[in-house]
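What TrEMBL lists as transmembrane segment is 12-34, 88-110, 122-140, 185-203, 223-239, 259-281, 302-322, 328-347, 368-386, 392-411, 431-451, 457-479 (among others).
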């Protein structure tokens with residue numbers, strides 16, 4: 001049996017995550033191309049309006065999900081009774097239909113006040129196009145959770161790839177044929193509707209369809225008792241992530257928001273760890289529910305290890321070549337946001353330490369809620385102060401500091417849920433060695449990049465050369481660690 005056949009037949013956690021990552025690399029590249037095309041071919045005013053529409057939909061999505069994605073995972077995996085699974089999942093989906101439609105109508109009714117807040121009348125005509133996008137986005141996420149829970153993560157990977165290709169085609173048409181950025185939002189809406197229909201019928205091939213008639217609304221109280229604290233966490237976490245953009249919108253113009261939005265965009269350095277956590281969510285949930293704390297600790301420790309081995313390396317190199325990278329990803333006109341871009345690279349560096357899986361799997365959603373509410377309130381206060389003191393960079397620095405504090409707090413609480421300590425989840429000696437390697441090689445690469453730029457070498461050539469050298473050196477030094485993590489994780493079946 002050759003390597004491809006072995007990978008196809010394998011259902012280990014690490015194998016699934018690598019397959020997901022492979023597809024995600026392609027979809028991510030397509031997504032970056034989309035951002036590049038929009039950034040280059042439209043003005044800062046047009047791109048800023050587009051960013052405002054996406055900001056509204058992101059917030060409404062977080063508001064309307066009500067923690068139901070986590071509830072789908074929790075209530076499905078806590079029992080093996082298929083009838084109970086079907087009833088709970090159907091009820092959860094029905095709740096999302098009700099809430100999602102309500103929020104969509106609310107956006108339509110409030111589109112004028114929303115546009116007035118952003119100081120952009122163009123939003124009045126755009127918000128009706130995206131009003132129900134949050135509903136479709138949430139339903140897609142819930143279906144994805146179901147496919148992962150039944151061991152069909154590869155189906156989701158293929159879907160993401162197809163959707164990304166279609167979205168790229170729409171952007172090309174918008175840029176080169178219609179010259180209208182609104183086309184992109186309209187195509188996203190149509191894609192979301194098509195995905196819901198496709199996922200519904202595809203799910204019927206593997207399990208009983210998720211039908212409204214199976215709903216039992218007497219379960220609503222039990223479901224919401226779990227999901228509401230989680231929904232507050234998701235909402236406040238989303239607001240904490242986006243509140244800097246709302247501050248920029250309140251105190252600056254649409255063009256400034258366009259610059260900040262791209263500079264503060266989360267880059268996909270956590271692709272492997274994100275795929276891992278997708279595959280490991282049901283595994284960790286079952287281990288915690290079965291009180292197999294040692295196994296849960298081992299799984300999560302391996303996840304964190306591969307997270308800092310890979311994420312730190314890739315982000316460290318990006319910081320060293322940040323100026324060329326920002327020009328490559330966006331356009332020259334966005335370089336005024338370079339300091340914000342660098343700060344957000346550090347935010348990317350610590351995002352891998354995701355412990356919400358442990359806490360939600362253990363049913364500790366109130367803990368998540370408390371931490372996230374405190375973080376959001378701090379964000380609301382200090383983002384405004386940061387902007388008043390040092391301008392656009394202030395909210396970015398506040399986001400970095402509070403993200404680090406929240407991550408440490410959740411790591412501390414999460415470690416207790418699997419009966420261990422935060423210090424036992426990390427190999428600090430190994431972590432120190434990796435950081436030292438990054439600092440030394442990154443510094444050398446930074447000076448090489450500056451030298452090439454001073455000699456008027458193309459930024460594309462400089463970026464590829466410098467980042468390539470950096471990655472080759474760091475991967476050579478650390479590939480054995482990554483392979484070891486892969487082999488150990490692959491013993492856990494999805």
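Cβ coordinates come from backbone N, Cα and C, glycine included.
Three or more CB pairs closer than 8 A are found between the transmembrane segment (368-386) and the transmembrane segment (392-411), so contact between the two stretches is assigned (pairs 6 or more residues apart). Under 8 Å from some Cβ of the transmembrane segment (431-451) lie the Cβ atoms of residues 308-309, 312-313, 316-317, 319-321, 323-324, 462-463, 465-467, 469-470, 473-474, 477-478, all in the same chain and six or more residues away from its ends. If you look at the transmembrane segment (302-322), the same-chain residues 6 or more away from its ends with a CB under 8 A from one of its CBs are 267, 269-270, 272-273, 276-277, 280, 338, 341-342, 345-346, 348-349, 351-353, 425-427, 430-431, 434-435, 438-439, 442-443, 445-446, 449, 462-463, 466-467, 470-471, 474-475, 478, 481-482, 485-486, 488-489. Panel annotation: around the transmembrane segment (185-203), residues 50, 53, 126, 129-130, 132-133, 136-137, 139-140, 143, 146-147, 155, 159, 163, 166-167, 170, 209-210 of the same chain, lying at least six beyond its termini, place a Cβ under 8 Å from a Cβ of the stretch.
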